[in-house]
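Look at TrEMBL and you will find B:232 tagged as active site, tele-phosphohistidine intermediate. Feature annotation from TrEMBL assigns active site, proton donor/acceptor to B:302. Residues annotated as substrate binding site in TrEMBL: B:231, B:232, B:233, B:234, B:235, B:236, B:237, B:238, B:282. Look at TrEMBL and you will find B:10-224 tagged as domain '6-phosphofructo-2-kinase'.
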């Protein structure tokens, strides 16, 4: 089950797969500190604090919220996997030990490559052999889930499956309760055919099965096949169960019986900001400013910075144009690109860097929380600093993520203060270009790619490349778009 | 004019940071309580919020109306009520425009579609977002409880026979029921809290701040309850005048721990309360003799004094004179080197506040700075004052949230302790005269814990403190920024 990371522009791909056992290559992907790969399915080091974690406890659990199983409910192409992955990204960011268990992974692993399950596998009245197969696969998944919660200090296990019947859900909730696990169901319910089609188009028909198909035909075929495969589905209405029903990608949310702890409401808070449509995020540095890069001065763009901002604008628009052409050539629909929104901080350089895009008619919003990390007293060259504050420098080397220079902010402070930005980032439906200081880009990239706190402070964003994050339901993918005639400092290169 | 400090969860977008939160629901559904709490919470997070209570506008003309006034057939009543709503909406719009308001709450029943459409139109015409918050409840006990509460605290029934008031209030509710339409307009942004959030319906939310308000409101309930707050008993570090550390209790602190069960016995009664402590020795030791179920919260640990941990104020003044000064200049934002500021503490208390709102009767034994933040949240104390409040040792503070403010009672144990209070720009706080002064006060005669229970109501809706029973009332700490009264 290789999730090949397409490496377009000089990314290293030195990660390795590690399988839990011979027959279950269940996303046990570990990387060796390769920040170019979304680490949302990695197993983080237990002792490490998460980027926005406020405090840690010996039990590893937080908020007196106990052990929780989040169980997805919904037909295929309703964004269940997307919700599972997005939620575990957010909870981990907060320091809640979370892992997603995708039943589909276990099914595919059990069946082996190219073998589909029997046609009646999802039927309520499936044949005994199919029921047995189902049980075998389920057991394996549950075993891992319990192991995570009981023996690996896990707190939230996300169980990603269809769970189509009320009876099955009641049983599941009972079973979990026996293990002292509270269950919250999250249903993604869609009755707007447009949303389903869009979802199928973006995540389901890119498979080899549909190579060469007309996309519209492929979508219809997929929906028909799923209808035949899972003919029986009951939407959630079980009053005694704890559930969150997201209707039409979050247009309306019904929360039932979720008043039993801090985490359930916090999860609802996150889900209110999540939608299941996919869009691109681009990161770019602001241009260089006049004089030094002083925090206090809040300088304007210098001439070089100004010409960089022009090249950045052109490179991005050119890239988007080409992507669309390529998509149409490969048989994609010729609908217009998603609108592009630009966010900057309120620092003058970032606002000016977006000026060309604003002139071209793109919407630019200033976000005050995206101001760069306050360097405090550390605004001097490395040598000067070492001479003045040797003790602080040593401490900084030990934990550059949490260490804070006198009167300044740490990356951790920045991550906590940017919480509204993280949620707005999830909310945004347009494609999004973020122009900000490197410290801000490090934290936001760290969130989207699930980087560890040891990686975030050293992430690099040279000015000769725009970073693009492509959302895929299983993980995000990063790639870099070169800005022509530009060096890593943003200077013009003929 | 107001000045707006940096926000904790500040507005993420200057352009669309105006939200009009419109309460919806029959009388006695806890609307005012919810509105109050939202204001308090947002202010605590440094978001400029204000509640506009239509009832108080109406009272200007009709201070003590009978139920007939609220009959839909009463044309004059209808006209006056409509005029009150208009005045409230106008004031709110002016407040957005001229006073930097961010979240305005329109506290009224707003129980018909046409009323809601009118409000929506008024706000949208100025470009402000509208979000409706409906409290829907058919739990009879809960409603009855609220009726009892209202008849004793509502300005509409001041000085009236409680029985008559209750009957009249029920008639008033019946008049509203005739025209009540629960919210289900599909295009509106709304949250409907059904039977204290046993079910919540969220519709068409459109920005982060709305989701933050909903998140908070989902944790609220309108069942009566109280919160008991206490600092740990006097610690060995308190006696030495040192900050921070993880010291044990002093002999007098141990005596307080032993006295604590008796001190709270009467006010707790037979309630099922949960006891929270920090993870530090001095709070755990203080709670030792209490037999309630206990939880330890790391988030309740004392403000981290960083490099100053273990020093006295005198030592800090000598070793870090600039910091000492800087801290007093802006104590809320000052962050100890390698440690925390009050602002940092407020962020880390977020789960605590949510859990306190969600829970019922809770006793919290924690530390001075933490209690200042928690107290400031419940009593609406502004940021420039909260870090300077005196929270004395060996005293239990009981807070009871009410529809029109939070009621406070204090119970002082008859056990002397040093004072850890330090006035601005001084380093003298411990031992010596201060300690004697505090010990003197502690010697005041008390017959039973209740005797020194001073009751204060922090009423910020009406901006007028109210009398409760026969106990004298101390000033309001509302947005007008009155003086801070301790005991």
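Any Cβ shown, glycine's included, is placed from N, Cα and C.
Positions of TrEMBL features highlighted on the structure.
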residue: B:231; record: substrate binding site; Cβ contacts under 8 Å, 6 or more apart: B:365, B:366, B:367, B:368, B:371, B:391, B:392, B:393, B:394, B:395
residue: B:232; record: active site, tele-phosphohistidine intermediate; Cβ contacts under 8 Å, 6 or more apart: B:249, B:253, B:280, B:282, B:283, B:285, B:286, B:365, B:366, B:367
residue: B:233; record: substrate binding site; Cβ contacts under 8 Å, 6 or more apart: B:249, B:250, B:252, B:253, B:254, B:255, B:256, B:257, B:260, B:282, B:285, B:286, B:393, B:394, B:417
residue: B:235; record: substrate binding site; Cβ contacts under 8 Å, 6 or more apart: B:245, B:247, B:248, B:249, B:250, B:253, B:282
residue: B:237; record: substrate binding site; Cβ contacts under 8 Å, 6 or more apart: B:243, B:244, B:245, B:247, B:310
residue: B:302; record: active site, proton donor/acceptor; Cβ contacts under 8 Å, 6 or more apart: B:244, B:278, B:280, B:366, B:367, B:368, B:369, B:370
Any further residue of that chain within 8 Å (Cβ to the Cβ centroid of B:231, B:232, B:233, B:234, B:235, B:236, B:237, B:238, B:282) of the recorded substrate site: B:239, B:247, B:249, B:250, B:253, B:286, B:393
Packing count at residue B:282 (substrate binding site) (other Cβ atoms within 10 Å of its Cβ): 29
For the domain '6-phosphofructo-2-kinase' (B:10-224), mean pLDDT (0 to 100): 88
Longest CA-CA distance among B:231, B:232, B:233, B:234, B:235, B:236, B:237, B:238, B:282, per record bound to substrate, angstrom: 14
Three-state secondary structure, which DSSP defines for residue B:233 (substrate binding site): coil
